[in-house]
Amino acid sequence: MPDEPTGSADPLTSTEEAGGAGEPNAPAPPRRLRMLLSVAVVVLTLDIVTKVVAVQLLPPGQPVSIIGDTVTWTLVRNSGAAFSMATGYTWVLTLIATGVVVGIFWMGRRLVSPWWALGLGMILGGAMGNLVDRFFRAPGPLRGHVVDFLSVGWWPVFNVADPSVVGGAILLVILSIFGFDFDTVGRRHADGDTVGRRKADG
């Protein structure tokens, strides 16, 4: 009798191989972490450089016109949060920002979504930019005042870090509303599955 075909394979092995073959382009988490860090470095660098230039060139508290009185360079020292909110709680804001930075690094280990990498990178870069001021500017560590220098209309004076943090947060809210998770590629189904691909942990 002819030998029986030996092409059959263990079902579990076949399933795993098929799953692996179906995800040849699934981005590995380290790749997205690198993207997150790259965005953060760009934001942080822009924030630090523009603050140094502002401190060197702008007279404190005296607006320098860019577009009439609507858009001006105005150098101020801010003890509060983004856009001069919560002044007087400098050390609390410093601790919160530090916690945000730690949390983003923790999420970055499992990050798969490129859009989440962009949003988290914007928040990380902005948070670190203002933390540099909190730790290294007067009146002292944890109490340092943040340098703000751009005024637009009635909006409080701000710096590069502020719109980066707010813009990144808005992006993450939009992604969450539309069902995009940080550790998936694609959208969630109503039952919790994803339309895209979920990268296995580890």
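Note: Cβ is positioned from N, Cα and C throughout, glycine not excepted.
Taken verbatim from Swiss-Prot:
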type	residues	note
REGION	1-29	region 'Disordered'
TRANSMEM	35-55	transmembrane segment
TRANSMEM	88-108	transmembrane segment
TRANSMEM	112-132	transmembrane segment
ACT_SITE	D148	active site
TRANSMEM	160-180	transmembrane segment
ACT_SITE	D162	active site
* Cβ under 8 Å to the transmembrane segment (112-132), counting only same-chain residues 6 or more beyond its ends: which ones? -> 26-27, 29, 32-33, 35-44, 47-48, 51, 82, 94, 97-98, 100-101, 104-105, 146, 159-165, 167-169, 171-172, 175, 180-185, 198-199
* **Close approaches to the transmembrane segment (160-180) from elsewhere in its chain (Cβ under 8 angstroms; 6 or more beyond its ends)** => 43, 46-47, 50-51, 82-83, 113, 115-116, 118-123, 125-127, 129-130, 146, 148, 186-188
* Structure fact -> Simplified DSSP label at D148 (active site) comes out strand
* Asked: What three-state class does DSSP give D162 (active site)?
  -> helix
* Asked: From the Cα of D162 (active site) across to the Cα of D148 (active site), what is the distance in angstrom?
  -> 9
